[in-house]
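Visitor: According to TrEMBL, the protein has these features:
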TRANSMEM  B:20-40  transmembrane segment
TRANSMEM  B:47-65  transmembrane segment
TRANSMEM  B:71-99  transmembrane segment
TRANSMEM  B:177-194  transmembrane segment
TRANSMEM  B:223-245  transmembrane segment
TRANSMEM  B:251-270  transmembrane segment
TRANSMEM  B:301-320  transmembrane segment
Amino acid sequence: MSAKARLGGLRDAAAVPGEKLRDWWDTAPKGARWAVYGLLFVGALLLPWSGLAPIMSPDAKWSSILFYPIGIYVLLAIGLNIVVGYAGLLDLGYVAFWAVGAYSMAVLGAYYHWSFWEILPIGIAMAAISGVILGAPTLRLRGDYLAIVTLGFGEIIRKFAENSDYLRENRGIDNVPRPPDMSEAEIGGVQILEYGVRDARPYYYLLVVLIAVVIIMVKRLENSRVGRSWAAIREDEDAAELMGVPTFKFKLLAFGLGAAVGGAAGVLWASKTTFVAPDSFPFILSATILAAVVLGGSGNLVGVIVGAFLVAWLPERFRGAEEYRELIFGAAIVLMMIWRPEGLIPSRRRKAELKDGGGGSGHLGAEVAEVSK
Amino acid sequence: MFHDFTAQFWANTIDGVTVGSIYALVALGYTMVYGVLRLINFAHSEIFMIGTFGSLAVIQFVGFTGPYGGFALVGVLLLCLAGAMAASGGAAVVLERVAYRPLRKKGASRLAALISAIGASLFLQELFATVIIPKFFAPGRGRDMVGFTPPGEEQVRIMDKEVLFSIGSGDVRNDKLLIVVAALLMMVVLQMFVTRSKLGRGIRATAQDPETAVLLGVNIDRIVMTTFLIGGVMAGAAGFFFLIFYEVTNYFIGFILGIKAFTAAVLGGIGNIKGALLGGFTLGLVENYGASIFGSQWKDVIAFTILVVILMFRPSGILGESLQRARA
Amino acid sequence: MKRVPPTMRLLALLGAASLALTACGGDGGEAGGEIKLAFIGAQTGPNAQLGINISNGVELAIEQYNATNPDKKVVLTKYDTKGEPSVAPGQADKLIEDEPVAIIGPAFSGESKAVAPKFEEAQIPNISPSATSTALAANGWKYWHRIITNDDSQGAEDAKAIVSQLKAKKIFLVDDNEEYSIGLAGKFLEALKAEGITPGSDKINPDDTDYSSTINKIKAADPEVVFFAGYYAAGGKLLKQMRDGGVDALFFSDDGALDQGLIDTAGAKQAEGSIISCACQSVNPTADNPKVQEFIDAYKKKFNVDQGTYSAEGYDATNVFLDAIKAGNDTTEKINEYLKTVDVQGVSKPIKFEANGEIADKSIFYFQVKDGKLEFLGDATKIPTS
């Protein structure tokens, strides 16, 4: 190993703060890990504490924005991460699945008076099914074509809602029922299981539980045969296929799961907002969630959550710069891609892949770059 | 419903071809960049939007008060066209330099490049929405459509719109004819440039096999820049035609039109110059025929459905991919 | 993930610090003796202009009130919803936390559906200057009011004006597919059908620029009147392309299109003669009401632009609250009671509320484009028939 290479190695290690921490984490005993998970969960439940509000959100109600946009973005980002981060499929129309979930809630709730808990599994199933229906014929396409098909699908869903009489066009569906109150139990002055008009916290707690369930599911998958298959597909689909991985099946699974998570977020959001209209599902939201995933560190749950939190929270926190926020956001995405395409807190595996393989979607003019060096 | 289709067939044909020409010109940019870099230049729609403002800047800066006729009209139109092409071509080259070249040099993933493109698209739209339009084109009117003259002033027109002759239910108007003929002409010139000139050969060589092209002495940076420039100039021309035809513009006009132009490119066969033309016309026609049958609100759904269906069943498009070798 | 414990500690520390800070400044707010009003609606986003028109009217009214040196000055806080129903709840919750005595807004129907129930539960009286969805009034809300008529009455009046005043038989209906337009177009269609007329119809997408297929439909139908239900941005583009496409039919529209922007976009020549209805007479200085011209001048002086759609409604809504405050009502409950008794001539219209919060005055006025400007005509009988 040359001195230069060693120096490079040293610099790399120094450049990533918390590298040691991650080493510890990788070898940490099970008990310690669970303790950290537990602390995080409790921490998330304590977040709406009003003492934080003046720092975190001077212009909007802190517990409200914790639910939307922050919490919802986090859940959506975790869902999209299954598709983009794990399976390496680019989805530009992810918001469509959120819309399917939200409209399931709106139609079944407002038209047929079903309750939230009955609709939740149906909304999730509807979103998953639409994911599979879209995915089945399109997942054979190469990466960037898939991106455009999903973009088209997202727009079709929105335009369909805009023009469908049954979905009440742009008037939207109002009086969507809230989740039924479960108990009058009070903890720390909050009626945690009463879903009323004014307090966003019960919804937030419900969302945190939902996120925790999704995280556990995703983590288990990541460390199973499924997760390894995804990694194989991401790194080299042809090789994976040759090694006997049923790539199509696993891609479809990722797409369906991602869609299901989006659907769950949609049901809960619709039940809190009580009003669903096509305007709430613009393309820019798909792009924003994707940016959250990529900025945070595609493929790494912690990174994705942090990314989604920042993308949702920063514009709310700095409402003064409101007018220019999307301008800044756009510039930030470009700069981030140039300086740190692997994201803020990258997945180690993904980072290695990006270094030598393009992570499933190929290089941009890779051949050229190699030769012209 | 179908009565509408037959009764308005010729009118919709003429309008479809006119809009299709604009789609085709924008589609060229997607097609050529994709051919060379295999990158969907998502910000290309903004390059088109910038073209409309390039023309508008010329109109407002010179203070044209039209309508003009004869040679004066030709001169004014050429000047506006030049303004649009300069603005778009310049913007495209800058875009390549800032948002794509650093990624290319690093050998970053195409996913990263696509996301960078989305970021650039957002940035350019918002730059116009929050800074350029309020400052230079329409102070004090929020985010309304921007016309030839600042709000509150008498609207001018560059050319009077006259019906030259009619085919069935359709009127052939001077501006529509101009757009179709000029677009066709530009396509022919571009096709000749790509097939005959040295730079054109370089572009084709790079599209086919970048490694060999480099070994044979092709300057990749220059080829990529030229490709962006050509795509930008064509989008600028499209922006100019758009402005002359509709006489309004705004920062968001690129988004939907861009997706449609991309659809046209895919429809005709991405990477294929003739395909862009064919795709543009086909899309323009199908969209308008569909609108006459189902109602105009379904226009975008029709276009996006075509996109999805084509990508699902024949991703190589009508004419196949020809600037490059087909890749699976 | 192990990094989190230190972060948690930091957060806890920050939280404690802020708690200490708020505790220090706890009772300083009351001393000023100010009364809080709130505006909630779009200040940014694609439909921001309408929201800004309103909030400008609100600011003007409050400035004029404070200039009279009242006992307690009124302060305004604006809550920006971007016009989006999903953003509105966070702003509404913050608003409720800040405890204003009354609210001007929410501006649009969609966000009203999302947040008016919150204001209802918080028992804060609110007047919307611009949410016209008919369905809103059917919720039995006690604190919700609006200072504009709903879509139903306008659609029916317009149909009547076209059929009986203009004696038109061939009519073409276009709407721009916005929430406001759909309701209006629906009622218009119903009223026409009652008269035995079935108009041709089409919908346009407000973000589109190319309306050629719609123009071709209109041309094939060859109507005497084209009724457009929607906002001026789409209306202007449609009107221009109609004229360029050789359609001479009378262009007839509604208060969403009552804006100079319609003429700016379409061109003065193209827009000439168009008739526009409004449940308002706000840009009408010739009315028997000196307050109107005063308002127009004051607005222009303060903001350096002409007052726009719903500015006058925003101004009136605010003045209703200010009157209540002037009369010594300083709690939400008292102000809400006061609203039941209001019966005054505002700038936009006579103001009196019905029990369900709707405005009592439902008269519709008509405007015509003459020489590139909107000119006030009067009620339906004043529409020129030639």
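Backbone N, Cα and C atoms are what each Cβ position is placed from, and that goes for glycine too.
On a predicted model such as this, the values are computed, not experimentally measured, just so you know.
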Visitor: Any chance the transmembrane segment (B:71-99) and the transmembrane segment (B:223-245) have 3 or more Cβ pairs under 8 A, given the pairs are 6 or more apart in sequence?
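Guide: As far as Cβ distances go (cut-off 8 Å, pairs 6 or more apart), the transmembrane segment (B:71-99) and the transmembrane segment (B:223-245) touch.
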Visitor: Do the transmembrane segment (B:20-40) and the transmembrane segment (B:223-245) share at least 3 Cβ pairs under 8 Å, sequence separation 6 or more?
Guide: yes
Visitor: Rank B:47-65, B:177-194, B:223-245, B:301-320 by Cβ pairs under 8 Å to the transmembrane segment (B:251-270) and hand me the top one.
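Guide: Looking at each of B:47-65, B:177-194, B:223-245, B:301-320 in turn, the most contacts to the transmembrane segment (B:251-270) are made by B:301-320.
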Visitor: Can you work out which residues elsewhere in the same chain, 6+ from the ends of the transmembrane segment (B:47-65), have a Cβ less than 8 Å from its Cβ atoms?
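Guide: Contacts with the transmembrane segment (B:47-65): 26, 29, 76, 79-88, 91-92, 95, 124-125, 128, 132-133, 136-137, 146, 148-150, 156, 158, 231-232, 235-240, 242-244, 249, 251-254, 257-258, 261.
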